[in-house]
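These features come from Swiss-Prot:
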BINDING   D176, E205, H301  H(+) binding site
DISULFID  C85-C318  disulfide bond
CARBOHYD  N78  N-linked glycosylation site
CARBOHYD  N86  N-linked glycosylation site
TOPO_DOM  1-45  topological domain 'Cytoplasmic'
TOPO_DOM  65-102  topological domain 'Extracellular'
TOPO_DOM  129-132  topological domain 'Cytoplasmic'
TOPO_DOM  156-160  topological domain 'Extracellular'
TOPO_DOM  175-197  topological domain 'Cytoplasmic'
TOPO_DOM  224-228  topological domain 'Extracellular'
TOPO_DOM  248-286  topological domain 'Cytoplasmic'
TOPO_DOM  310-322  topological domain 'Extracellular'
TOPO_DOM  346-351  topological domain 'Cytoplasmic'
TOPO_DOM  397-408  topological domain 'Cytoplasmic'
TOPO_DOM  435-442  topological domain 'Extracellular'
TOPO_DOM  462-481  topological domain 'Cytoplasmic'
TRANSMEM  46-64  transmembrane segment
TRANSMEM  103-128  transmembrane segment
TRANSMEM  133-155  transmembrane segment
TRANSMEM  161-174  transmembrane segment
TRANSMEM  198-223  transmembrane segment
TRANSMEM  229-247  transmembrane segment
TRANSMEM  287-309  transmembrane segment
TRANSMEM  323-345  transmembrane segment
TRANSMEM  352-371  transmembrane segment
TRANSMEM  376-396  transmembrane segment
TRANSMEM  409-434  transmembrane segment
TRANSMEM  443-461  transmembrane segment
Amino acid sequence: MEDSDTSAILAEDSESVDSRTVCRCFRVTENKAPPPCSCPLSVTVEPVMFLSTFSIVLQAPLCTQYLWDRLSEDVGYNGTKTGGCNASTVHDPLQTEVETLTAHWSLYINLGGFLVGLFMVILLGSWSDRAGRRLVLIIPSLGLAVQAAVYLTVMYLKLPVFWFLIGRICSGLSGDFNAILAGCFAYVADTSERGSRTFRVAILEACLGLAGMFASIIGGQWRRAQGYINPFWLVLATNLTAALYAYLFVPETVTPDPQARLFSTRHHQAVCRLYSSDAPPGRRSKLWLYILCFFLVVTVHLGCSDLYVLYELSAPLCWGPELIGYGSAAKHLAYLTSLTGLRAMQCCLEDSWVALVGLTSNMVGLVVISVADTTALMFTGYGLCFLFMASTPVLRSKLSKLVDPAEQGALFASVACVEGLCSLVSSGVFNALYPATLHFMKGFPFVFGAAILLIPAGIIGGLGCQEKRESRENREGFGIS
């Protein structure tokens, strides 16, 4: 093939991509009413992500600790309050009973939220392709505010912990936090170029870590000083603020269609077409494999996160609220270190190998945490996980690049659905595995999680080699050295 022909082909491809990008830009910027207010800073959905994550991370360990305290009162256990939590009480039957009850109630609450929110996430995410992204940010924020209000009612009136499940279901009816994730990542896909998408996604995920770090530090100290109620008032206010910000400041990227209906089978059909179409050839298999990797990585992350507080509360660590807050802050600090590491590694490594480094960091950290019997060793495990979030931005970006611009909403709706499934599976597996393995190895679930991560590592490595080989063959076919 002549060099002139090669140049013409590449120019034509570039022109078609540019024209498609231009069309996309016009589609998302014209004929839409601007928000009531304009933000002077060059940010869009980042504050929504930050505020929603702040509320979730602030309430999650407090809910677990509240369940622990309420269930301890029910069975008459007061080991952590009287200083009885030490190495000699590892086999205390009351402590084991409280751990088991707390793990099971966490399972029931997460299961209830998942079953209700599963289909709502798909509906809301795909619906946003026609109705607009802002609604998918506002509705779940209001649902999370209702959940916080129910939790406050339980604490004020000392209602049975069953009412926590009711609050979780209320949040699930609005799409829960996963709908906010879907809306935010679809928004970034609308407004970013292919070359910069991985880093833009990583910035959005860094908002998760920054908010989580602040919430963890504040939550532990605040709960120790004033109990549970005041922090949950902040959770309520934060969710309302997120909804208000999305309404006032976030520009719309999709022209709203007045005919768009939320409850329609077309949303599920769009997702089915996305995963059944094999044009271009090979796309479908890559899409399924990357979704499988994403499912396994997020399942391990959520499953282990659910157990950290239980693991730290009981012997031999016996952490109080302050140390639990610092531990959660250290875990969320890894979001920021992962962002920095990802940016640095992109200078010399392809995205697939960046993801492998992140998975390796995660596996090593989990193994150390599984044998942690001192505070120093536990924080060492957290420190070794400093790149553990480098893999998920790569996976989201690769999935986004496999589909057309008009399919981004359906894609991230399905990804959000997978995240909901991850929440269910992680709760079912890890919260059941933890009490079942207490008698022979307390940290076994973390070793199990590290072993599971070997699967996505192998898949990502294999696909990375295949993509590199295909890229080399394409260059040779065009006569490009």
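Along the chain as shown, the residues are counted starting at 1.
Using N, Cα and C of the backbone, Cβ positions are placed for all residues, glycine too.
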Going by DSSP, is N78 (N-linked glycosylation site) sitting in a helix, a strand, or coil?
coil
Counting by DSSP secondary structure, give me helix, strand and coil numbers for the topological domain 'Extracellular' (224-228).
3 helix, 0 strand, 2 coil
Of the listed stretches 46-64, 161-174, 198-223, 409-434, 443-461, which one has the most C-beta pairs under 8 A with the transmembrane segment (323-345)?
198-223
On the 0 to 100 scale, where does the mean pLDDT of the topological domain 'Cytoplasmic' (1-45) fall?
49
For the transmembrane segment (443-461), which stretch among 103-128, 229-247, 409-434 has the most Cβ pairs under 8 A?
409-434
Going by a 10 angstroms cut-off between Cβ atoms, which of the binding-site residues D176, E205 has the sparsest surroundings?
E205
Return only the integer: C-alpha distance in Å from D176 (H(+) binding site) to N78 (N-linked glycosylation site).
34
Sort out for me which stretch, of 46-64, 103-128, 161-174, 352-371, 376-396, has the most Cβ pairs below 8 angstroms to the transmembrane segment (287-309).
376-396
Cβ neighbour count (within 10 Å, all chains shown) around C318 (disulfide bond):
18
Can you check which residues sit near H301 (H(+) binding site), meaning Cβ under 8 Å from its Cβ, same chain, 6 or more apart in sequence, and list them in order?
N362, F388, S426
D176 (H(+) binding site) in three-state DSSP notation:
helix
Near the topological domain 'Cytoplasmic' (346-351), which residues from the same chain, at least 6 beyond its ends, have a CB less than 8 A from one of its CBs?
198-199, 357, 394, 397-398, 464, 468
Proximity verdict for the transmembrane segment (198-223) and the transmembrane segment (46-64), three or more C-beta pairs under 8 Å:
yes
Would the transmembrane segment (409-434) count as touching the transmembrane segment (103-128), i.e. at least 3 C-beta pairs under 8 angstroms with sequence separation of 6+?
yes
